[in-house]
Amino acid sequence: MPTIETVTLGAHIAAGFLALFAGLGAILTEKGGRRHRRFGRIYVGSMAFVAGSALLLFALAPTPDRQFLALIAVFSFYFVFSGYRVLSRKRPADGPAALDWAAAGLLCLAGLGLLAMGALGLRDGSSFGTVLVVFGGISAVFGVRDIREFRTDESEPRAWFFEHLTRMGAGYIATVTAFSTVNFLFLPTVLRWLWPTLVGTPGIFLAIRRYERQFGTADG
C-alpha cells in the first residue's frame, strides 16, 4: 500500500512536469493574452504544489538531502510568487502586503541556509558547494533587494511589467534546473545545476531589452 511519502513524492514529480510545460506555454504565448494568463495560472499553481510538497517531504523525512530540497523549493517558488504578486501592485499606490514582506524574509533565511551549506561543502572539498553558494547568494540578494524596495514608494509606470518578466523568467530557470538535475545525468554535476542559469539569464536580459524598445517606440 502506498505511503504518504511515496504519494507525495509522485505528486511532487507530476507537478514539476506540469510546471515545466505550463511555464513554456506562458513564454511562447502573447503576453497579457488569455492563453498566456491561463498557462500562467497553471504554472503558478503547480509551482506552489511543488514547493509545498517539498516542505512536506522534508517534514516526513528530515534528511540533509530533503533539507536541501526544501530550501531550493523556497528559492524557486519565491520568484514565481513575487512575479505573480507584482501584478497586484501595478499602480504606485498599491504597496506590498504583509504576505510579501513575510515571503521576502523567508527567502533571506533560505539564502543564508544555502550559503551555510555551500560553505561547509566547499570546506569539505565538495565542488557542489559552489552550486549552493550561487543559489544562496541569489536568494539573499533578491530577498534584501525586495525588502529595500518595499520600503520605498518610487516606481516607474511599467516597472511591474519588467519585474513580472524577470521573476517569472527566474522561476522558470529554477524549474528547468530541477528537470536538468534529475534527467541530464550525462553532464558534470555543477554544469547540470548551473547551465539553465547561464543560458536563461541572458535570455531574460534580451527580453527586457526587446520590450524596452517596444515600449519606447509606443511612448514616442
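Positions of Cβ are set from backbone N, Cα and C atoms, glycine also.
Note that TrEMBL annotation is computational and uncurated.
Lifted from TrEMBL, the feature list:
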- 6-28: transmembrane segment (TRANSMEM)
- 40-61: transmembrane segment (TRANSMEM)
- 67-87: transmembrane segment (TRANSMEM)
- 99-120: transmembrane segment (TRANSMEM)
- 126-144: transmembrane segment (TRANSMEM)
- 165-187: transmembrane segment (TRANSMEM)
- 193-211: transmembrane segment (TRANSMEM)
Intrachain residues whose Cβ lies under 8 Å of the transmembrane segment (99-120), provided they are six or more past its termini: 67-68, 71-72, 74-75, 78, 81-82, 85, 129-144, 146-147, 150
Remote residues contacting the transmembrane segment (193-211) - C-beta distance under 8 A, at least 6 residues beyond either end: 128, 131, 134, 161-162, 165-166, 169-170, 172-174, 176-177, 180-181, 187
Dominant neighbour of the transmembrane segment (67-87) in 6-28, 40-61, 126-144, by Cβ pairs under 8 Å: 40-61
